[in-house]
Structure formats: structure tokens, C-alpha cells
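For 1-91, the entry in TrEMBL reads domain 'Cytochrome oxidase subunit II transmembrane region profile'. Among the features that TrEMBL reports, domain 'Cytochrome oxidase subunit II copper A binding' is placed at 92-225. TrEMBL lists 27-51, 63-85 with the feature transmembrane segment.
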Amino acid sequence: MAHPTQLGLQDAASPVMEELLHFHDHALMIVFLISTLVLYIIVAMVSTKLTNKYILDSQEIEIIWTILPAVVLILIALPSLRILYLMDEINDPHITIKAMGHQWYWSYEYTDYEDLGFDSYMIPTQDLTPGQFRLLEADHRMVVPLDSPVRVLVSAEDVLHSWAVPALGVKMDAVPGRLNQTAFITSRPGVFYGQCSEICGANHSFMPIVVEVVPLEHFENWSSFMLQDA
């Protein structure tokens, strides 16, 4: 999860997020090189009294500064499109979970099971135990198995919401009357936090998302316990 004074993005917990981190560094490096070049040209133009007559009117340099930006845009666009298609890819999900946004909590339904669903409310600050995070902890976590393709169907009951978990590289709008879907594969166990990312009313800041990734054996034990408890 994010921490104070953090400059970069969160550590990746899924292959797609790793690709997004690599693309971020790739694009940032291109922006840095362009900024350095422009700064050098500005300083050179301001500080020198000499003028190169071949730069004032030259077909060659006009061709260069037309083609070069096009090449740079292609170098950014191709990896971006590749990741865009990777994020939309949903191949044979092992489990499907329906996430419904409400004012102001989330409800989850494991559609592969007959009766496995629950509401997830934020834990109030006064009820937090030592080690828990304010505004991020929920009374029920969305538990998913490790290294398994998970499909999440996202919708809303009342107003627009957005189901987002940065460490997993997932962000999907929850629209009333519309069923959107996204997918992810977790690459390491842990607890990953997110929040509603669409302004949805007075308590928009108080509907966290908590995804707990556990080994498959532990997930089966958890699902059996939840079904018995229901």
C-alpha cells in the first residue's frame, strides 16, 4: 500500500500492474529526455550571440523535427496499446465475483457458489485494533486465491462508484444498470487496499476496498467456513 512521502507507484501485485510500472518508467524516461533537450536548446538560444544561417531556413531540419516527434509517439503508443489489450484480456477465469457499489459500502457475491455473499463496511476509527489502517480497513475482506485468474463483475445500486485497487492494476467504474467486468491474476499473497474512485456523495471517502490474497487451500477453507456460517 502507499505510505507517506512516497513518490513512486505502489509495488505491483499482479502481472498487469508490473507491465504498467514498466510502461510508466518507459514513458517517464522519454519525457525526461525531451525536457532535457528542450531546456538545452532554450539555454543555448538565450546564452549565445551566434546564429546558424542553416537553421533559419533548412528543409532538412524541418524534416527531422517533423519525423522525430512521430517516432517518439509511436514508441509510446505501441507499448500502451499492448497493455490496453492485456488489461481487457479475460481467459478462463477460475472464479467470478460480483462487486456492487452502494452508498456507502460494497457488497460481494461469489457467483460460483450457491450462497456466498456479504457486505463490506469500513471499520470506524474508534473500533480499529493496533496495526489496522484508518479509512482503509473493512469488516469483511474480498478473499481470492493466489495465482488464479479472477473475474470481477462491477455494478452499482444507486449512483456512480468505481472499484479500484492500485496494487493490482485494477480500476473499473460501477454504473447503475450496467454490468462492467475486469480481471486480474495475483502474483503474491497479501492484503491490498483500494478506495472508491468516483465521487459518490457525502461518505465517498468511507467505502474502502480490501482484497486478501491467500493460497488456494486457505481459500477453500475460508469459503467452506463462510458457507457453513451462512
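Placement of Cβ uses the backbone N, Cα and C atoms for every residue, glycine included.
The domain 'Cytochrome oxidase subunit II copper A binding' (92-225): residue composition by secondary structure is 19 helix, 62 strand, 53 coil, according to DSSP.
Assigned with DSSP, the residues of the domain 'Cytochrome oxidase subunit II transmembrane region profile' (1-91) fall into helix, strand and coil as follows: 67 helix, 0 strand, 24 coil.
In the predicted structure, the domain 'Cytochrome oxidase subunit II copper A binding' (92-225) carries a mean pLDDT of 93.
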